[in-house]
Every structure is written in structure tokens, then in C-alpha cells.
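Taken from TrEMBL, the feature domain 'Carbohydrate kinase PfkB' covers 9-340. Feature annotation from TrEMBL assigns substrate binding site to Asn17, Met18, Asp19, Gly45, Lys46, Gly47, Ala48, Asn49, Glu146, Asp275. For Asn198, Ser237, Leu238, Gly239, Ser240, Glu241, Gly242, Gly274, Asp275, the entry in TrEMBL reads ATP binding site. Sequence annotations record features per position, and here TrEMBL assigns K(+) binding site to Asp269, Thr271, Ser329, Arg332, Gly334, Ser338. TrEMBL lists Asp275 with the feature active site, proton acceptor.
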Amino acid sequence: MTTPLPIIDIIVVGASNMDLVSTVARMPVLGETIHGTSFSTGFGGKGANQAVAAAKCGGKCAFLGKVGTDEFGKEMIRNLQTNHVDVSHVSVTDQASSGVAPIFVDEKGRNSIVIVNGANDLITPQDVDNAENMISKAKILIAQLEIQSPITLHALKLARKHGLLTILNPSPAPDTTIPEIAALMTDLMSYTDIVVPNEVEAAMLSKQSTDIAATPAGLNKVHDLLLGQGPILSLISLGSEGASVAVKTTSFVHPPTLVPCPKLEKVTDTTGAGDCLLGTFAYFLCEYLDKHAKQETTPHDLFVEQLKTDGISFIVECTKKAGQAATFSVQRPGTQKSYPNAEELSLLLQAA
């Protein structure tokens, strides 16, 4: 008897890393050695973070990635399973170590991160193709720029082939002053429905100065430039200010709208907060699409139809809820372990 495939709504293609976290009073300057105050390990990688964030909310989520044969790799797979993420397309290689990310967090919650990709760089087009059956039945595919960009492009193309809604988190920020990277980003954006950068990533992707999004006029310009590259929706995360969303289709345009998040007196750790925002946003968006599902209508087409029917209101609502989840996460130490589960999220939304 053939075992039926699990029902998966959200597929995340990306990196999984073991975070090696040192807390410090302040960041060291170049060449300086300082004492830290504590050390811990945690699970990270933008792709794995986003998958866990969506699954902890209650989303039916799968992760497509690669780890090494080392203990870090085994622990990462176990952690994904513990958080109810499907790992049937997480492969193992003996050709590289699992990915690691040394992280320094200062007493104000600010962080600096170095990523060593390891096995993440060995994901192949065949690894993606092996998941085509699962992808064809899903609603949303999420990708980032932590793995090899041609693999990300291959995944986005496959998702587009099957009518999924595609989300690209262009992080780490691409250097679009390099012609080869600029050309690849043009291809990636042409297969992206929703682009979700932070302020710096948005500026770099639109070839503007990194502080341009600091003013309303600059932020509006960045939205226009991003939407001009192919996406339907640009969602720019603004840290403690919340997020800004704008939409452009052939028949519907909505100017940038600020979606504020709750204000905090103290922040403990911002590591992975953007991934929490994106993962929970995808969960709430998927929940919305489920409520309005139509037979023979793909998730991509349904999203466009609902923009005509409901305008931007459902996007604002999904973003607002995701912002509350991200705000919750920065009040606790760690990355994935700081994300709210379904019960915590329900209480958050009830109290809002």
C-alpha cells in the first residue's frame, strides 16, 4: 500500500543553520577581543525559521533543505519534526558540514551574524524536482537568498508552473551593483508574487541608498521600484515601526500603507524577528485563501481575484497579526524558540 502524502499548504525552500549565540555588553571593534556574558546554541537559518514560525501557528508546512551528517544536522531535523514541520524533503550529505551561524547579541538586543552555509550550498535542482508532487498540491512557496540563487529561481519557477503564490525574502541583501547579481535578481523577481525585504534589503534591491526608506517619500519610491520588477505585493518590514505594504496588479493598485506593530519598552533579542513576521504572515494568508477557495482556481489567481474583491484589507490584517507575533518574539531570547505557538498567538490576538 502506498502511503498518502501529507497535506502541505506552505513549502519553504532555504537554509537551516545551528545558531551559536554569544551575548556581549557591546560589539567588539575590528581586531578587539572581549569577554562575553553567556553562550547558547539554537536552531536557525532563515528558511528553517520561517517554516517553524508558520508551523508553530498551526500551519501545514514543509521544509526543503539539506544538512550534513554531523550532530548539528541530526539535531536540526529533530527540531523541525518537534515543531511539526514536514521533513520528507530535507536531505543529508557527507560532502559538507551542516550550516552554522555565529551570532553576537548586545545588551540592547542588537545582533551581528556570520553565516557558514555548508550543506545548504549543496541543494540541487533535483532536490527541488523531487518535491514537485508536494509542491503541486500546496498554496504558498517561500524562498530566500541564503542558498544558491539558481536553486531558489528553480523552486520559484516550479511553484509558478503549478499556480502557487510565491514569496521571496531577498535576504541576505543582494549587491545589485554587480551585473551578474542584478540579472539574476531580475529573473527571481519576475517569478515572485510577494517580496518581503527589510528597509536595507528593499533599498539595495531597488538600487537606492540604504537610508532612502527612512522618509515616507523614499519608502513610496522603493515600493514603486520593487513592484515595477514583477511582484504583486511588496511588504517592507520596518522593525519597531511595523511594516509597509503596497500592491500593484494590471487592474488594481493600492499605495503604500503603514501597518504599525505594538510598541515595547524593552527588547530582549531581535534575532529572527523578520522570519517570524514572514512565517506567520504566510500562515494567516493561507488561512484567508482557504476561506475563499474556489474549485479550479489556483492560489495565485485567487489572491489576485481577492484583491479586486476585498482590496488591501486582508493583507493589512494578515500583516498586523504577523507583526504582533514578531513583537512577541523579540521579548524572549533565542530565535525559533521565541516564536509564539498557536495557543500563545491566540491569546495575543484576543488581547489586541
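Glycine residues also receive a Cβ, built from the backbone N, Cα and C atoms like all the rest.
Please treat TrEMBL annotations as automatic predictions, because they have not gone through curation.
Quick caveat, the model's predicted, so the values are computed rather than measured.
Structure with TrEMBL features highlighted.
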residue: Asp19; record: substrate binding site; Cβ neighbours (10 Å): 23
residue: Ala48; record: substrate binding site; Cβ neighbours (10 Å): 33
residue: Asn198; record: ATP binding site; Cβ neighbours (10 Å): 20
residue: Leu238; record: ATP binding site; Cβ neighbours (10 Å): 19
residue: Asp269; record: K(+) binding site; Cβ neighbours (10 Å): 21
residue: Asp275; record: ATP binding site; Cβ neighbours (10 Å): 32
residue: Ser329; record: K(+) binding site; Cβ neighbours (10 Å): 27
residue: Arg332; record: K(+) binding site; Cβ neighbours (10 Å): 13
residue: Gly334; record: K(+) binding site; Cβ neighbours (10 Å): 20
residue: Ser338; record: K(+) binding site; Cβ neighbours (10 Å): 22
Candidate binding-site residues Asp19, Lys46, Glu146, Ser240, pick with smallest Cα gap to Gly334 (K(+) binding site):
Asp19
Rounded distance in angstrom between the Cα atoms of Asp269 (K(+) binding site) and Ser240 (ATP binding site):
12
Model confidence over the domain 'Carbohydrate kinase PfkB' (9-340), averaged pLDDT:
94
What are the non-local neighbours of Glu146 (substrate binding site), defined as same-chain residues 6+ apart in sequence with CB under 8 A from its CB?
Gly14, Ala15, Gly45, Lys46, Gly47, Ile115, Asn117, Asn120, Ser171, Pro172
Around the recorded substrate site, report the further residues of that chain (criterion: Cβ within 8 Å of the mean position of the Cβ atoms of Asn17, Met18, Asp19, Gly45, Lys46, Gly47, Ala48, Asn49, Glu146, Asp275; site residues excluded), sequence-ordered.
Gly14, Ala15, Ser16, Phe43, Gly44, Gly99, Ala101, Gly272, Thr335
Could you measure between Ser240 (ATP binding site) and Ser329 (K(+) binding site) for me? Cα positions, answer in whole angstrom.
12
Asp275 (ATP binding site) versus Asn17 (substrate binding site) - Cα distance in angstrom:
14
Do any of Asp19, Ala48, Ser338 (binding-site residues) have a CA within 10 A of Asp275 (ATP binding site), and if so which?
Ala48
Could you work out which of the binding-site residues (Asn17, Ser240, Thr271) has its C-beta surrounded by the smallest number of other C-beta atoms within 10 A?
Ser240
